[in-house]
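Chemist: Below: one structure in structure tokens.
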Amino acid sequence: MWLLFVSAFVLFATVGVALSRDGLVGSSSPAATAVKAAHLLFLATSLGATIWAILVGGLVMFLHLPRHTMGRLRGKVFPVCFALNAACTAVSAAAFAWLRHPWEEATADERRQLALLIATVGFDLANLLLFTPRTLKVMQERHIVERGLGIGNQGSLDGWRSNARASMSDASLAAANKRFRAAHIPSAVALLASISGLATHSWYLAGKLAL
């Protein structure tokens, strides 16, 4: 919960900084360098956590854990990852806004980048507060149906295949699968939007590097 308060505070700070008329730090001062480092560090943390915990970790769980164990573990890991991402991206957005003072002189591209970072925070918060809780609730309901059919203790891939076969003849499982898809799709879309936002801003920063 404290991550939500941090995210909200930083977002309000970002808006306040963006609307102020005076720069907070000079572009070449030690303070500016520290803010640049914070911007890069928190952006990298958010993108790295998403790639490792959601994509790599999610795939490893799917390949090596029993179906229901995988679901329960994802239910613990993913919300923490979304909270971390929201907080880190919010800090990165605030740092980016500070570095673009006075905001009236910022280019259209810089304004779009800040809007992109704020939108990315919004996608992570939507996943954390709306989509993921609903998905986990429906997943648990589906687990109950699957256990009644003897599904869930085998590997995730075999469990998925067993689910697909059983749903062809069991109406309750077919309905549970339909509810799960309806809940999971918005969560997956929000996750992809968040990754896209982070990757796009990373591409923008890469274009600014002189190597």
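Backbone N, Cα and C atoms are what each Cβ position is placed from, and that goes for glycine too.
Sharing the feature lines straight out of TrEMBL:
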- 1-20: signal peptide (SIGNAL)
- 41-143: domain 'TMEM205-like' (DOMAIN)
- 42-65: transmembrane segment (TRANSMEM)
- 77-99: transmembrane segment (TRANSMEM)
- 114-132: transmembrane segment (TRANSMEM)
- 188-206: transmembrane segment (TRANSMEM)
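Give me the lay of the land around each of these features.
Modeler: Mean pLDDT of the predicted structure over the domain 'TMEM205-like' (41-143): 92.
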Chemist: Which residue counts does DSSP yield for the domain 'TMEM205-like' (41-143) in the helix, strand and coil classes, in that order?
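Modeler: Across the domain 'TMEM205-like' (41-143), DSSP assigns the residues as follows: 96 helix, 1 strand, 6 coil.
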